[in-house]
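Presented below is the structure to which this report refers.
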Amino acid sequence: MAFNLRNRNFLKLLDFSTKEIQFLIDLSADLKKAKYAGTEQKKLLGKNIALIFEKASTRTRCAFEVAAFDQGAQVTYIGPSGSQIGDKESMKDTARVLGRMYDGIQYRGFGQAIVEELGAFAGVPVWNGLTDEFHPTQILADFLTMLEHSQGKALADIQFAYLGDARNNVGNSLMVGAAKMGMDISLVGPQAYWPDEELVTACQAIAKQTGGKITLTENVAEGVQGCDFLYTDVWVSMGESPEAWDERVALMKPYQVNTNVLKQTGNPNVKFMHCLPAFHNDETTIGKQVADKFGMKGLEVTEEVFESEHSIVFDEAENRMHTIKAVMVATLGS
């Protein structure tokens with residue numbers, strides 16, 4: 001079934017129905033097949049797209065740029081030091097300027113209110129590449145990846161757990177997405193790091209309508225039992241103080257995804273997911289600092305799990321591009 005999402009913003013999954021989200025995932029799968037088959041049709045020819053990045057990025061920037069180029073669009077990258085936003089010019093004014101020059105705008109930055117204001121005043125489709133509260137394009141990629149590794153299951157038949165800092169943008173967005181799609185999600189971590197109570201209540205109400213299930217628990221064994229997928233993210237997010245590491249590592253260490261946690265699912269075919277980047281060894285600057293300070297060569301996930309046959313993180317990363325392409329084509333394409 002086709003949906004007309006033309007000229008819609010893509011700011012958070014709460015704005016979209018179950019059928020609209022499924023449509024975007026299905027479109028992503030179709031576009032992925034077309035790219036692999038060499039039969040892709042350019043739906044964004046002649047379009048100009050602005051990519052605003054107030055936070056650094058690898059996957060999101062590359063995904064937007066490659067997706068746009070594949071579809072025939074031109075992009076302008078505006079980096080953290082490449083604009084006057086918030087310094088000499090408000091987002092409201094920036095939106096009204098860029099909206100007259102560009103056909104679509106991506107924003108990756110800080111508060112959700114910023115991208116909401118951009119979306120309200122730009123007059124063209126605005127896409128959320130990540131804010132402190134939500135990361136909706138990531139969840140489209142996650143759900144496409146789950147479907148690819150579920151042997152024909154529908155999303156509503158999938159059970160998964162997110163371990164660690166569940167109050168961050170990925171934890172929030174996975175909970176919203178699971179509620180919308182009628183999935184069974186467990187958020188497993190210290191209670192102090194559970195999502196905001198108001199958002200949990202809203203998601204519980206959605207899940208009641210879709211047949212989904214949301215569980216919040218501090219008990220790892222309880223949270224992962226029977227899961228098809230285990231998901232985690234870094235314990236300290238972009239923009240947080242380095243001083244947060246001491247307290248965070250102590251709290252989060254019991255929620256590291258390791259081989260014992262995989263076994264606790266009782267599912268020998270369980271898959272591991274991570275939005276990346278991941279601290280799974282000491283081969284990065286931060287990874288080495290953490291190893292030296294805490295005696296841990298992996299934080300949220302061990303090297304053994306990350307490099308195992310259970311890990312599908314690079315399928316997941318690739319799908320960022322296909323799902324972002326679907327969002328742009330659906331909201332902007334001819």
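From the backbone N, Cα and C atoms, a Cβ is placed for every residue, glycine too.
Feature annotations, courtesy of Swiss-Prot:
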- SER57, THR58, ARG59, THR60, GLN84, ARG108, HIS135, PRO136, THR137, GLN138, CYS275, LEU276, ARG320: carbamoyl phosphate binding site (BINDING)
- ASN169, ASP233, SER237, MET238: L-ornithine binding site (BINDING)
Exercise for review: Would you measure the largest Cα separation among SER57, THR58, ARG59, THR60, GLN84, ARG108, HIS135, PRO136, THR137, GLN138, CYS275, LEU276, ARG320 for the carbamoyl phosphate site and round it to whole Å?
Suggested key: 30
Point to revise | Neighbouring C-beta atoms (10 Å sphere around the C-beta of HIS135 (carbamoyl phosphate binding site)) | key: 26
Review point. Which of these binding-site residues is closest to SER57 (carbamoyl phosphate binding site) if you go by CA atoms: ASN169, ASP233, SER237?
Key: SER237
**Study point:** Cβ neighbours within the same chain of GLN84 (carbamoyl phosphate binding site) - under 8 Å, at least six residues apart
**Key:** THR94
Revision key, fill the gap. Filtered by Cβ under 8 Å and at least 6 apart in sequence, the residues in the chain of ASN169 (L-ornithine binding site) near it are LEU130, THR131, ASP132, GLU133, PHE134, HIS135, SER237
Point to revise | ASP233 (L-ornithine binding site) CB neighbourhood, other CB atoms within 10 A | key: 25
**Study point:** Between ARG320 (carbamoyl phosphate binding site) and ASP233 (L-ornithine binding site): CA-CA distance (Å)
**Key:** 16
Exercise for review: Check the binding-site residues ARG59, ARG320 for other C-beta atoms within 10 angstroms of each C-beta and report the one with the most.
Suggested key: ARG320
Point to revise | THR137 (carbamoyl phosphate binding site), number of other Cβ atoms within 10 Å | key: 28
Study note, to complete from the structure: Across every protein chain in view, the count of C-beta atoms other than its own within 10 A of the C-beta of SER57 (carbamoyl phosphate binding site) is 19
